[in-house]
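> Mind having a look at this structure? Questions to follow.
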Amino acid sequence: MPDDTNEAAGEPDSVVDAVFDAVAATAPAIRDALPGRRVESDDENPSGETVLAGDMYADELLGEALTAVDGVGAYVSEERPDATDAGEGYSVAVDPLDGSSNLRSNNAMGTVVGVYEGSLPATGHDLVAAGYTLLGPITTMVVADESGVREEVVTRAASGDVTRTVVDDDLTLPDEPTVYGFGGRVPDWTDAFREYAREVEDELKLRYGGSMVGDVNQVVTYGGVFAYPALTDAPDGKLRLSFEANPIAYVIERMGGASSDGTGSILDVDPDGLHDRVPLYVGNETLIDRLETALDE
Ligand code: AHM
Ligand code: MG
């Protein structure tokens, strides 16, 4: 634990705040860079996926900004095979540009952030805070820590100064679920998940845009369920535990919702490697309970 945190005194953690300051400060610069970076790079990420120039640029900017924060000991990115050492302190895991395939079609995307105590890989119980930015029509940032979940609007003045304005200081999941979004191709879903999905389709409205941050933010706003499920040819699904699933599970659980890998909370999953994948189901508790029952039958 870095010395300059105030967590022991029950005060907001100053390192966590500095981390989200850095993430917020980077968001307008990432947005600026997108128009010229819709093309594929020649690289693959450690998960074997083709990387867009936008992914690489976002990773560079976030890497620079976060390793410069006092109290951050490691920068760990979906786009880098190993952690980048930054001294003593928290490990900050990021998916620099989640939903980057939405860049060509000009739809929502953002950055996912998990602040872990100690080194990675670790379980989600080592998270001290997590959140995401959403580059939609406006730039927002959702930040969760021990004290709760907040939504902020991120703006940049002509001077270049970036401001975080809290617009909701106590985000909780709406009691009445309204929307659902499920990833992967229907023919690749398991029979048990397909059956669950048919029930959910009768009850809720489909909202799926192909970026986890955008689709999860629909659930955060309206209540419901988001999943990137286990697929018949990919039993661990697509999303990565350290960079995507854990931070999102942490946010949803802090809002009073639930997360699952199909059998229990995402935060309980013990990874072998930094880039492990996991099926992700998050949303209102009743819907996640029903999902676990459906997958167990
Ligand atoms: P990315 O981080 O490379 O963009 O991949 C993750 C994205 C998620 O945002 C989204 O939920 C999922 O992949 C969509 O996958 P697909 O394109 O297979 O539907
Ligand atoms: Mg992603």
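Each residue, glycine too, has its Cβ placed from N, Cα and C.
Straight from TrEMBL, here's the annotation block:
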type    : residues                                     : note
BINDING : GLU78, ASP95, LEU97                          : Mg(2+) 1 binding site
BINDING : ASP95, ASP98, GLU244                         : Mg(2+) 2 binding site
BINDING : ASP98, GLY99, SER100, SER101, TYR208, LYS238 : substrate binding site
DOMAIN  : 18-151                                       : domain 'Fructose-1-6-bisphosphatase class I N-terminal'
DOMAIN  : 173-295                                      : domain 'Fructose-1-6-bisphosphatase class 1 C-terminal'
> Run through the domain 'Fructose-1-6-bisphosphatase class 1 C-terminal' (173-295) and tell me, per DSSP, how many residues are helix, strand and coil.
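Per DSSP, the residues of the domain 'Fructose-1-6-bisphosphatase class 1 C-terminal' (173-295) fall into 55 helix, 23 strand, 45 coil.
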> Do you know offhand how many angstrom separate GLU78 (Mg(2+) 1 binding site) and GLU244 (Mg(2+) 2 binding site) by C-alpha?
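Between the alpha carbons of GLU78 (Mg(2+) 1 binding site) and GLU244 (Mg(2+) 2 binding site) there are 9 Å.
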> If you check the binding-site residues ASP95, LEU97, ASP98, GLY99, SER100, TYR208 one by one, which have a CB less than 6 Å away from any atom of ligand 1?
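Only ASP95, ASP98, GLY99, SER100 qualify.
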> Can you tell me how spread out the substrate site is, meaning the largest CA to CA distance among ASP98, GLY99, SER100, SER101, TYR208, LYS238, in Å?
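Value for the max Cα separation, rounded to a whole number: 16 Å.
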> Using a Cβ cut-off of under 6 Å to any atom of ligand 2, determine which of the binding-site residues ASP95, LEU97, LYS238, GLU244 qualify.
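The qualifying binding-site residues are ASP95, GLU244.
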> Using DSSP, how many residues in the domain 'Fructose-1-6-bisphosphatase class I N-terminal' (18-151) fall into helix, strand and coil?
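Going through the domain 'Fructose-1-6-bisphosphatase class I N-terminal' (18-151) residue by residue, I get 38 helix, 53 strand, 43 coil.
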> Which one is it, among the binding-site residues TYR208, LYS238, GLU244, that lies nearest to LEU97 (Mg(2+) 1 binding site) by Cα separation?
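Sorting the binding-site residues by distance from LEU97 (Mg(2+) 1 binding site), the top entry is GLU244.
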> To the nearest whole angstrom, state the Cα distance for the pair GLU244 (Mg(2+) 2 binding site) and ASP95 (Mg(2+) 1 binding site).
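With distance taken Cα to Cα, ASP95 (Mg(2+) 1 binding site) is 7 Å from GLU244 (Mg(2+) 2 binding site).
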> So if I measure Cβ to Cβ from TYR208 (substrate binding site) and keep only same-chain residues at least 6 apart in sequence, which ones fall under 8 Å?
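Sequence-distant Cβ neighbours: GLY181, PHE182, GLY183, ASP215.
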> Can you tell me how far the Cα of ASP98 (Mg(2+) 2 binding site) sits from the Cα of LYS238 (substrate binding site), in Å?
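Roughly 12 Å, rounded to the nearest whole number.
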> What other residues of the same chain, not counting ASP95, ASP98, GLU244, have a CB atom within 8 A of the CB centroid of the Mg(2+) 2 site?
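Close Cβ neighbours, site residues excluded: GLU78, VAL94, GLY99, THR111, VAL112, TYR132, MET212, VAL213, LEU239, ARG240, PHE243, PRO247.
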